[in-house]
């Protein structure tokens, strides 16, 4: 029986890692696409693009909308609330059954407590959570997209993947994560790497434009702004992840499709006035894309965001949030490789060393977290072996 549980657990964990790999590829591809239309000023509209991408989450509600239409044709009543509850509770029941039938380890990857003791979020609680995190989610993605208008994809990717560094300390402040010497050491090494990458990228861009007569002396400042925006995105991701974990606890307690669907709906309904404000003050003049290439890129990027965020949520359920966050550091060499291949960029020794430090810091943090996860898994397994016979009696 134990062997079957372990085999099933390994299969689900492997599936989670495969989905994480897909997320990594899609996120880097999305960064290159956005950078492509920002770099040549063909359509530098970070707010509108982020608004469109986030609004695309509303398609997660389409299966429920379809069920409402079918129910209306059959009974003459729409009953939207009933269909939403069925989607929320029905998916939740299947999800919980799947976890119970495979391994108790899946429900105790982070907290070390028994997930079945926690009640699943109701429909109202899920919608409320979506409303609370809509602005924070949107702002995090906005500053990340905006950073691509000023800095390289490689630098943006490296700085964005430092989110685990901020998640660790913000989580410790909120009593969500525990600090250890290994985690602090890894975070310090990551911080040193950030300084090296930022300094190298700004210096290289500045030197290229000093040599170019038509270059702008302020370009180094723009690169620094881009790096700071990417860093701000990492901080906001850390805040978002920590607060979400504190509110939800176990990620299996929330239906991610309903959650993301209402994030998209609230974004669509409440953030459109910002487009008017940005246009009025001239910060981002509103205009729809006219170039077919830009239209295709924006559409493809919407699809990428839609698919990658679903895979990201599933990967978190199949593995653990920390595993996913640390695993996203693989985007660093992938983005750097893309810059070398597609843009023929050269990486300085300082840049490469800084990137190596950041990547190495994640291995240190991951090793420490893995040991904690193993201890929590053993505790959960022992708890399950005691509770199940008691329940049968």
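Heads up, the Cβ atoms here are built off N, Cα and C, so glycines get one too.
Per Swiss-Prot, these features apply:
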TOPO_DOM  1-17  topological domain 'Cytoplasmic'
TRANSMEM  18-38  transmembrane segment
TOPO_DOM  39-46  topological domain 'Vacuolar'
TRANSMEM  47-67  transmembrane segment
TOPO_DOM  68-132  topological domain 'Cytoplasmic'
MOD_RES   93  phosphoserine
TRANSMEM  133-153  transmembrane segment
TRANSMEM  157-176  transmembrane segment
TOPO_DOM  177-182  topological domain 'Cytoplasmic'
TRANSMEM  183-200  transmembrane segment
TOPO_DOM  201-219  topological domain 'Vacuolar'
TRANSMEM  220-240  transmembrane segment
TOPO_DOM  241-257  topological domain 'Cytoplasmic'
TRANSMEM  258-278  transmembrane segment
TOPO_DOM  279-292  topological domain 'Vacuolar'
TRANSMEM  293-313  transmembrane segment
TOPO_DOM  314-321  topological domain 'Cytoplasmic'
TRANSMEM  322-342  transmembrane segment
TRANSMEM  346-366  transmembrane segment
TOPO_DOM  367-393  topological domain 'Cytoplasmic'
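Taking residue pairs at least 6 apart in sequence, the transmembrane segment (157-176) and the transmembrane segment (293-313) share fewer than three C-beta contacts under 8 angstroms. Looking at 18-38, 133-153, 157-176, 220-240, 346-366, the range that has the most CB pairs within less than 8 A of the transmembrane segment (258-278) turns out to be 133-153. Scored by C-beta pairs under 8 angstroms, the transmembrane segment (18-38) has its highest count with 133-153, from the stretches 47-67, 133-153, 157-176, 220-240, 346-366. In the predicted model, the topological domain 'Cytoplasmic' (241-257) shows an average pLDDT of 74. Under 8 Å from some Cβ of the topological domain 'Vacuolar' (279-292) lie the Cβ atoms of residues 42-43, 45-48, 298, all in the same chain and six or more residues away from its ends. Packing against the topological domain 'Cytoplasmic' (177-182) from elsewhere in the chain are residues 167-169, 171, 242, 364-365, 367-368, 372: each is 6 or more residues past its ends and has a CB under 8 Å from a CB in it.
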